[in-house]
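Trainee: My structure is below; once you've seen it, I'll send some questions.
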Amino acid sequence: MATGAYFLTPSPRHPPSTTISSSSSSCQIKLFTTGISIQTKYEPHRRRTIPKTSCCANSPSQNKRPLTSTDITGSSKDGAGIRVAYQGVSGAYSESAAEKAYPNCETVPCEQFDIAFQAVENWIADRAVLPAENSLGGSIHRNYDLLLRHRLHIVGEVQLSVRHCLLANHGVKLEDLKRVLSHPQALAQCEHKLTSLHVVRESVDDTAGAAQFVALHKLEDTAAVASISAARIYDLNVLAQDIQDDSDNITRFLMLARDPIIPGTDRPFKTSIVFSLDEGPGMLYKALAVFSMRDINLTKIESRPQRKRPLLRLVGNNDGLKHFDYLFYCDFEASMADHNAQNALKHLKEFATFLRVLGSYPMDVNLL
Ligand SMILES: O=C(O)C(=O)C[C@]1(C(=O)O)C=C[C@@H](O)C=C1
């Protein structure tokens with residue numbers, strides 16, 4: 001029997017400037033025909049005023065307007081009026097990902113990914129954008145851990161072609177460089193070029209922040225690895241372009257929201273889940289078989305040691321032996337509106353020790 005929160009858990013919507021009291025409320029809704037239920041418990045710790053958000057309806061007592069599909073799905077087609085939190089400053093790749101997902105959105109820069117999550121949880125932003133994996137560097141594990149620690153839902157994905165530039169102040173030449181600053185992922189993606197330059201690499205929080213720092217301090221021996229738009233924003237010279245190790249350098253970003261979207265079947269959907277299993281031969285094989293026997297294509301599987309319960313004690317002859325206990329993050333090509341996918345998860349739930357659906361969302365089929 002699976003433990004832990006199970007299915008898509010919507011948070012309550014509040015009208016603009018609503019004051020909520022400290023009483024807690026909970027509700028349970030059933031989705032589809034599976035009997036899979038959604039449990040939501042909302043426990044505001046104290047009275048507070050929720051900032052006015054674009055996706056909220058009018059105050060209940062005044063000029064009620066009819067609900068639109070935007071109120072239901074939480075997104076307008078072009079992203080107008082949606083505030084998207086991202087880590088970094090203007091010119092970061094995460095900002096471009098936000099603009100790809102929601103072209104006319106208002107982007108909200110945040111110091112850390114954790115803050116971007118909190119911005120959405122506290123109604124300061126409507127969405128957060130989070131880099132999840134890169135074709136050169138693999139998964140960004142910290143962000144997978146954050147997905148579990150917070151209660152946001154994946155509502156979309158964006159694949160972005162990441163083309164790094166080496167940026168320096170005007171007049172600075174390649175041979176003047178002693179140091180290069182950037183996000184650790186970006187530095188790792190430019191391994192070959194940076195090795196050939198014989199420079200010291202220094203990690204900072206985001207690529208655009210590195211460009212801003214180089215410009216602000218008028219550094220003459222330091223460059224930044226960042227985007228071409230960061231070069232324009234911070235008025236830096238492009239010393240080299242396309243310095244990533246592989247010309248097809250793609251980062252996959254996830255869009256997160258307080259509420260899940262209602263999964264459809266009108267276009268290709270993907271579903272992301274996380275689960276854990278008991279120790280024993282063939283357990284993972286059995287888990288993956290729930291998808292293969294239903295012809296559901298898996299697009300990703302990733303295992304991460306459980307941080308809170310890292311060691312699993314073995315029973316029987318191996319008494320006393322301990323292994324790492326893992327969480328498995330899986331993406332599959334199906335919508336949760338699809339009965340086949342619902343049955344696969346019901347089947348998995350029969351023997352998984354924990355199962356959570358992180359989101360069911362439209363697949364990004366256009367690479368930018
Ligand atoms: O620093 C940025 O510009 C980011 O958006 C972060 C980030 C990442 O974390 O992977 C995003 C895309 C690139 O892969 C490099 C850095």
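Including glycine, each Cβ sits where the backbone N, Cα and C put it.
Summarising the annotation, TrEMBL assigns compositional bias 'Polar residues' to 51-75. If you look up TrEMBL, you'll see 83-258 marked as domain 'Prephenate dehydratase'. What TrEMBL lists as domain 'ACT' is 272-362. The feature region 'Disordered' is assigned by TrEMBL to 1-23, 49-75.
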Trainee: Quick check on the domain 'ACT' (272-362): DSSP residue counts for helix, strand, coil, in that order please.
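Mentor: In the domain 'ACT' (272-362), the DSSP-based counts are 24 helix, 35 strand, 32 coil.
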Trainee: Find the average pLDDT over the domain 'ACT' (272-362) in the predicted model and report it.
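Mentor: It averages 88.
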